[in-house]
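Engineer: When I checked TrEMBL for this same protein, it listed these features:
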type: TRANSMEM; residues: B:15-37; note: transmembrane segment
type: TRANSMEM; residues: B:44-71; note: transmembrane segment
type: TRANSMEM; residues: B:91-111; note: transmembrane segment
type: TRANSMEM; residues: B:118-139; note: transmembrane segment
type: TRANSMEM; residues: B:159-183; note: transmembrane segment
type: TRANSMEM; residues: B:217-241; note: transmembrane segment
type: TRANSMEM; residues: B:253-278; note: transmembrane segment
type: TRANSMEM; residues: B:290-309; note: transmembrane segment
Amino acid sequence: MTDHTGNNGWSRRRLLKASAAGTAGLGALALNGKAPFHFVRNAWAEEAIGNFPVKGKSVVFGFNVPQTGAYADEGADELRAYKLAVKHLNEGGGMLETLKPSSLSGQGVLGKKVDYVEGDTQTDPDAARTSARRMVERDGVIMYGGGSSSAVAIAQQYLAQEMGIVFMCGLTHSNDTTGKDKRRYGFRHFFNAYMSGKALGPILANEYGKDRRAFHLTADYTWGHTQYQSIKDFTEQQGWSTVDNIMTPLGTTDYSQFLTAVLNSDADVLVLNHYGKDMNNSLTQAVQFGMRDMQKNGKDMQVVVPLYSRLMAQGAGASNIDGVYGTTNWNWVLQDAGSQAFVKSFEAEYGFPPSQAAQTCYAQTLLYANACEVAGTFYPPEVIKALEGFEFEGMGPGKALYRAEDHQCFKDILVVQGKGPDKKSGEYDLLDIVSHVKRDDIIYPVDTFAGELGPYKPA
Amino acid sequence: MSARSKAPASARNGLTIAVFAAVVLSMPFWLPLIGGYEALATKIVIWAIFAVGFDILLGFTGYLSFGHAAFFGTSAYTTGLMLKHVSADVLPAMGASILVTVFLAFLLGVITLRRAGIYFAILTLAFAQMFHVAALSIFQGWTGGDNGLTMSTRPELLGIPMTGLNVFYFAAAIAIVGFYIALRIRNSPFGLMLRSIKSNAMRLEYTGVYVRAYKQIGFMISAVYAGVAGSLMVIYEPYVATKFLHWSTSGEIVIMSVIGGVGTLIGPMLGATFMLYFQNVVQAFIGEQWKLVLGIIFMLVVIFMPGGFMEGLRRLRGAVTPGGASGAGADSTASARQPAE
Amino acid sequence: MTINSVFLQLLTGLQLGAIYALIALGLTLIFGTLGVVNFAHGALYMLAAYCAVIIAGKMGFLAAIVLVPIMLFVVGIALERGLIRYFYNRPHVDQILVTFGLAIVVEEVVKWIFGANNIPFKLPAWGNGVAFLHEYIPFLEGFVVFPKWRLILVAVSLLTVFALFALLQFTRFGLIVRAGMREPEMLRFLGVDITKRFAIVFGLGALIAGIAGVFGGPITQVSPGVGMNLLVPSFLVVVIGGMGSLAGALIAALMLGMALAFTAEIASLQQIIIYLIAVVVLLGRPRGLLGKKGVME
């Protein structure tokens with residue numbers, strides 16, 4: 001917890017800034033990060049945005065993760081990763097050694113020690129906003145990150161834009177996050193449903209044939225909708241047809257009425273656009289309904305879970321996920337230097353390997369810090385510009401690019417298959433990497449999704 | 001209650017209002033001293049408005065509504081949509097929200113007030129849940145579904161931007177007026193009627209009073225408070241979550257009322273303050289197990305202080321000056337102890 | 001709609017109703033006898049599911065079937081003696097709130113110990129797989145399957161109902177409990193020691209939640225929030241059936257189950273259907289389907 005008392009002036013600052021922003025426009029932005037450091041600081045001293053300028057000897061990051069509610073375990077893992085990231089930023093180690101190009105020193109950021117505060121999103125957009133706002137207003141954070149649900153991420157992203165605080169998304173997989181709801185102050189390192197579809201489509205067609213009939217069950221919210229759309233589009237491109245889709249309420253415990261509908265149809269593939277507990281329930285019950293040992297249209301019926309996470313796989317149980325296809329952003333068994341550096345330091349610290357949620361949160365924190373170093377300032381518009389179009393490697397397999405136009409990070413992703421009880425070698429070894437899909441195969445034109453990033457200075 | 005004469009009551013009211021106004025208006029100064037922050041003060045004041053209104057229904061008439069989220073949320077969505085599509089000024093938005101709330105409360109009141117007790121609670125719950133589900137699915141295009149409704153415009157009041165302390169004082173002014181009205185209602189013949197409904201609706205009916213009309217009006221007044229609070233919530237933070245319509249929001253206001261002290265008007269506001277302070281300040285010190293601690297505190301209060309914080313305060317006062325506060329205490333305790341029957 | 005799909009949907013409705021019925025039975029039994037609204041009933045179910053998954057993992061599923069209901073019975077009695085009995089004379093709102101608080105505490109403690117993630121609950125071999133219904137039922141065309149476990153759940157649910165009715169109908173204990181449900185004051189005047197029986201009734205309600213947890217756990221899965229998810233629907237069942245009416249709860253559970261099953265493909269209706277039914281029933285019948293006058297009004 002840090003002691004920050006400069007809050008009473010906050011609203012006044014905002015007022016000044018709000019009135020000035022309209023006229024000053026982009027003029028001030030003509031100054032760029034290449035100016036001498038001290039000069040830059042002075043020039044921006046009056047241009048307060050969010051919690052810039054940073055006072056004192058330390059800079060505060062806010063980590064807003066689900067500590068209660070359905071995704072609390074994921075949140076706990078994210079928080080572990082954040083703490084590790086802060087440790088590495090202050091003391092060196094981890095991916096600091098592998099990130100290229102890197103301006104990180106391992107002695108804080110821009111000469112300031114990194115401090116952090118944590119908050120609880122409760123996996124609820126409203127609670128997440130409240131918590132984020134508290135970090136901004138009370139704790140004076142310069143950036144915040146986290147989240148384990150797209151609705152939560154999107155809600156926080158809008159807040160970030162309003163407040164002028166950079167938001168580094170945690171686990172969020174909806175196309176909307178960097179699509180129709182993209183914001184200038186929000187950045188996503190995690191992949192999205194579109195990439196899942198693009199990576200998964202050909203592999204499914206190759207494995208199960210091109211004349212499959214799919215039935216979707218979809219969680220009724222932003223992420224579910226976009227994933228349904230993406231998987232449908234990409235499987236249909238491969239020649240599949242879509243029999244039907246049922247929107248299921250978030251948090252359904254018994255899916256039997258929907259599974260009965262699947263049984264009654266002539267579909268021979270079941271696609272579960274569910275995440276977390278919803279997926280645990282729907283997959284387990286689909287297996288109980290015999291959907292993995294059944295024949296339809298003369299073919300073996302198949303179940304697909306497009307978005308996988310190790311924690312989810314653990315919750316569903318090894319026998320249920322055995323052989324089920326899906327995609328994932330990252331897995332701890334990857335052998336590239338960046339992943340290994342992270343896994344080793346994480347295991348040394350906590351005694352078990354990190355989840356993909358942890359990896360994305362860790363990477364995001366380092367990327368933000370690095371952008372500050374590159375920009376030479378915490379001034380948000382400059383940090384944003386440093387992140388936009390940033391190409392790097394050493395945070396996972398292959399080269400990664402933060403696309404400037406939509407703040408989506410493009411990098412290699414994984415198509416995986418669940419490992420059955422007899423194939424897995426340990427408690428955490430649940431996913432088998434089927435294919436390593438290259439960045440160039442899943443990239444898409446920026447105009448695929450509508451939406452505007454908005455201004456560099458919050459309105 | 002009846003023993004009190006009118007003049008001292010209104011003098012007491014004046015004093016109560018003055019103290020209340022002083023405490024509320026100075027909140028941005030004292031709240032940070034105990035770990036709070038400015039925006040939390042605004043949120044507390046908004047929930048206090050909600051809580052006072054809820055007490056007019058639960059505390060006075062004894063009707064336990066588990067569906068006040070319907071008013072809070074519908075009004076919030078109305079405000080949000082008005083701010084987004086019509087005008088950034090808060091007055092038309094609040095006006096429209098109140099109109100919508102009144103209309104909705106009229107309809108729901110006519111339907112649900114035909115039942116009492118737990119059946120009334122479940123009916124209101126069912127309606128509110130239908131609204132919640134509809135906002136999530138059928139009206140997704142309007143409400144933004146689970147993403148919530150986000151506006152990029154900053155609300156303003158006659159040209160004054162509604163940010164920071166401006167929102168606080170706006171909400172605080174409404175809270176003070178709202179509290180004053182509630183006090184007036186309590187001491188009015190109408191308030192007496194409402195409280196008679198609680199003690200014995202049947203007998204009242206036999207004396208020729210058209211009880212339904214009183215209940216209906218009480219219900220609607222209470223709903224308007226909830227609507228105003230919902231509307232202010234969006235002005236304070238330009239975002240509407242579907243959770244505003246969820247039964248847990250109704251549950252929260254019930255919890256606040258009970259731990260504060262049902263039927264005391266001040267109590268529910270205290271309860272709201274405590275809950276928000278705990279969820280936003282104390283929570284950070286406890287960390288992951290904050291909900292557990294809150295659950296335990298909550299149980300302890302219900303078990304050992306049936307009249308909520310207000311009873312605790314009275315006992316405290318009783319201990320300091322024996323006999324001094326017993327008269328008022330007994331009266332309020334009695335009213336607090338039998339809600340929703 | 002074909003005969004097959006109608007049949008499958010009926011079956012689905014039946015088994016959805018079965019699990020609601022198991023939870024609602026305990027709720028309404030406790031309410032009808034003791035006048036206590038127990039919002040912690042969902043937490044008891046959750047507790048049972050955790051006990052079941054642990055015992056089943058260590059000692060086998062049969063051990064869980066025997067032990068878990070007994071454990072829950074003990075938990076129920078402890079709960080009644082330790083907390084609930086002090087609330088018999090308190091308003092229902094206080095009962096709701098204290099049990100709701102208890103539910104939060106239990107949920108958070110379980111989350112603390114076991115984590116928020118799901119614990120996979122494997123079905124025993126004898127209950128795994130699907131039943132080929134077309135082999136037994138002549139009017140079905142072609143190929144119709146249903147998970148065996150869900151058929152077992154329906155059977156267990158029916159057995160529990162019969163056992164409970166038999167207990168209440170044919171034993172002296174049942175006679176007193178039924179009398180207590182009707183005229184608790186009178187019973188006290190007659191000098192019957194109902195305190196001890198109160199505890200047993202509460203334990204019985206918890207025991208039924210235990211049965212529900214063992215057999216429902218593999219379906220609803222085992223995570224801290226599972227009880228809270230079931231709370232609102234099972235409470236609706238109790239109210240629609242009429243507070244304190246066992247038969248009413250059964251009918252209501254079946255109604256909701258069927259409604260959910262038959263609206264599965266109409267998303268907008270499916271999500272509001274249970275609330276819609278609650279509204280329609282309560283407006284048509286002031287005290288629910290089989291509720292008694294003067295209860296909870």
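Here the Cβ of each residue, glycine as well, is placed from N, Cα and C on the backbone.
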Engineer: Relative to the transmembrane segment (B:159-183), which of B:15-37, B:91-111, B:118-139, B:217-241, B:290-309 accounts for the most Cβ pairs at distances under 8 Å?
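Structural biologist: It is B:15-37 that shares the most Cβ pairs under 8 Å with the transmembrane segment (B:159-183).
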Engineer: Same-chain Cβ contacts of the transmembrane segment (B:290-309) under 8 Å, 6 or more residues past its ends?
Structural biologist: 255, 257-262, 264, 267, 270-271, 274, 278-279, 282-283, 315, 332-333, 336-337
Engineer: Can you tell me which recorded stretch out of B:118-139, B:217-241, B:253-278 has the most Cβ pairs within less than 8 Å of the transmembrane segment (B:91-111)?
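Structural biologist: Most contacts with the transmembrane segment (B:91-111): B:217-241.
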Engineer: Are there residues at least six beyond either end of the transmembrane segment (B:118-139) with Cβ under 8 Å to its Cβ atoms? List them, or say none.
Structural biologist: 63-70, 73-74, 77, 108, 111-112, 145-146, 242, 245-247, 250, 340
